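So that you can see what the record holds, here are the features copied from TrEMBL:
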type: TRANSMEM; residues: A:20-39; note: transmembrane segment
type: TRANSMEM; residues: A:46-63; note: transmembrane segment
type: TRANSMEM; residues: A:69-88; note: transmembrane segment
type: TRANSMEM; residues: A:95-115; note: transmembrane segment
type: TRANSMEM; residues: A:168-189; note: transmembrane segment
type: TRANSMEM; residues: A:221-240; note: transmembrane segment
type: TRANSMEM; residues: A:246-268; note: transmembrane segment
type: TRANSMEM; residues: A:304-322; note: transmembrane segment
């Protein structure tokens with residue numbers, strides 16, 4: 001068993017765009033749930049809008065990539081408003097069911113054969129990032145995200161982060177977005193605005209009695225978190241194809257697990273949680289099949305690869321029961337309002 | 001004739017190949033178990049479609065697809081009238097021809113019954129940037145038959161009733177559990193799958209002929225699952241005074257863990273229970289039901305009647321309703337809340353497990369995530385009737401079942417769940433207590 005190889009592959013996930021996308025979505029969810037107390041179970045829908053908005057902006061509307069990115073962000077703002085205006089007055093668990101249903105509606109609309117010309121139906125969309133598409137998916141020519149790469153071609157870095165200029169470009173862009181978003185969230189939650197939404201989380205009526213417009217604050221939180229989620233989706237779209245099979249309910253649950261792992265009511269919790277979650281996923285996904293192959297586990301490699309998802313579920317259960325505040329959370333900051 | 005408009009309308013109809021993909025990706029859309037006849041599967045882009053006679057697929061119709069560069073391929077429609085051809089290029093036109101001599105005697109390609117467009121047996125389709133296009137042919141006696149439309153509606157209503165009864169078995173359990181414990185139990189989907197998966201496993205051990213025994217054993221084991229979940233997880237959490245939101249997320253984690261455990265054991269494919277290919281018997285008009293459908297509806301109704309009697313007349317049933325109404329008052333008046341909740345978990349699990357077996361026949365097929373596919377419909381049904389009210393869940397389920405089945409007459413069938421989800425959201429917005437719920441339940 002190539003244990004060093006497994007560790008190296010695992011370590012590469014620390015800088016993987018997927019990890020950063022999860023971290024961004026987790027940051028959005030931290031605003032929704034950790035700070036404002038909104039039970040958003042539809043984060044996958046916000047991410048899908050960010051990714052598809054970007055891809056459709058390029059392929060259907062012919063926008064340059066940097067403008068197309070705003071199509072996804074705009075779509076998520078509209079989605080947050082449509083979702084929020086009627087639902088923010090609902091009780092917590094009702095909001096959870098509405099958001100999960102809304103995210104499923106988005107996914108089904110992206111999947112249906114009716115809009116194949118725009119969404120690519122079950123095949124998803126490819127070839128929108130400029131030069132560098134595959135043979136079967138020719139690119140629409142220069143001008144895409146990959147063509148904006150200022151890094152000269154070549155291999156950079158050191159193992160396990162030795163990669164070509166395209167990978168490094170997406171890593172750097174992702175890192176810039178992530179650092180910017182984290183800083184913005186840190187400033188926000190420590191501002192007067194942040195104190196108000198934390199107050200809403202703890203006791204909505206108390207905040208209302210101080211003359212604050214609770215609904216408006218909740219809506220702002222929903223929009224800001226949703227935009228962060230769509231940025232996560234955008235980052236996924238920059239690094240790979242978009243396909244509706246990614247933006248399923250399980251994605252939302254995985255982000256929840258990563259968030260709760262780090263600590264829902266913290267700024268750095270979602271970041272650290274995502275890194276731990278993804279590297280753990282990658283590690284378990286490699287180590288179990290390797291063990292099975294070496295004959296140390298009595299089942300097939302495909303079965304071995306499934307074990308990690310079972311473990312994720314168990315981790316989520318144990319976390320919520322025994323350490324609901326997460327690794328970095330403060331028990332006094334009640335994230336689970338009754 | 002506006003060809004592109006025709007094509008676009010046709011694409012709105014069910015596309016068999018997309019149906020297959022939908023299932024392959026393990027997602028919500030129900031569809032039939034599409035095993036569309038596929039020619040040139042190795043080519044990157046797809047032209048696919050459906051040959052239908054009054055909504056029923058026509059088997060063995062020869063379809064020819066020709067295109068630029070001398071491309072030509074022939075395919076026969078499968079038992080459900082579906083066909084798929086891989087084609088080499090996108091952004092290109094292809095001509096799709098139905099060989100009318102391979103149609104059953106006396107019928108021809110006719111108007112799409114849902115649009116005014118005349119269709120001939122030769123059509124041109126454009127494979128766009130998405131790389132796939134659907135072309136459906138409608139076969140009939142040459143004129144629109146209003147009686148057949150009525151029959152089609154009747155067929156859908158009966159199918160929807162069957163689906164709704166199956167949903168009801170799962171929903172009343174979810175609703176009772178919510179009513180007595182306050183948990184929005186996302187793992188209910190896995191309790192549904194449990195019945196089907198265990199039946200499948202037992203049939204594998206005992207043989208096909210032991211199906212009734214396997215079903216009985218699966219239901220007994222479902223009862224055990226409900227008992228075990230309450231004894232091992234939910235009761236200790238009640239003792240810890242865990243918050244409702246925490247309980248909901250615990251159920252999500254539990255759902256993930258159990259779901260992937262099923263995948264671990266039965267793999268990612270679809271398995272069939274014996275009898276799932278039972279022939280359909282024509283009853284009246286164009287209404288056809290298989291024996292399995294009829295037995296399944298009969299058993300659902302029987303179980304629901306027994307359940308209703310239990311809830312209304314027995315001591316524990318009355319205690320259950322008392323706890324749903326006001327747990328503290330129930331406890332103060334001497335009702336053993338923990339005992340009743342245990343019974344509710346067992347009954348909810350039995351009903352869910354049985355509905356899973358029926359769902360395995362209705363889909364048809366057993367998959368590791370089959371319960372997850374209808375979880376939101378179960379929530380929709382429960383919410384529609386009023387969370388925490390068992391009778392409401394029953395009515396809500398039948399409404400949702402019929403709505404889902406009937407809506408595919410109007411909207412593309414890969415969007416038929418969207419209608420139910422929109423209703424779920426609408427109900428929560430305008431009448432969150434549901435049809436039968438009382439206002440004070442909503443905080």
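Glycine too: its Cβ is placed from the backbone N, Cα and C atoms.
When each of A:46-63, A:69-88, A:168-189, A:304-322 is scored by its Cβ pairs under 8 Å to the transmembrane segment (A:221-240), the top-ranked stretch turns out to be A:46-63.
Looking at which of A:20-39, A:46-63, A:69-88, A:95-115, A:168-189 has the most CB pairs under 8 Å to the transmembrane segment (A:246-268), the answer is the stretch A:20-39.
Listed by sequence, the residues of this chain that lie at least six past the ends of the transmembrane segment (A:69-88) yet keep a Cβ under 8 A from its Cβ atoms are 38, 42, 45-46, 49-54, 56-57, 61, 63, 94-95, 98-99, 102, 106, 215, 218-219, 222-223, 225-227, 229-231, 233-234, 237. Counted as Cβ pairs under 8 Å, contacts with the transmembrane segment (A:95-115) are highest for A:46-63 among A:20-39, A:46-63, A:168-189. Residues 15, 17, 20-21, 23-24, 27, 30-31, 35, 146, 149-151, 156-157, 197-198, 224, 228, 231, 235, 238-239, 267-268, 271 of the same chain lie 6+ residues outside the transmembrane segment (A:168-189) yet bring a C-beta within less than 8 angstroms of a C-beta in it.
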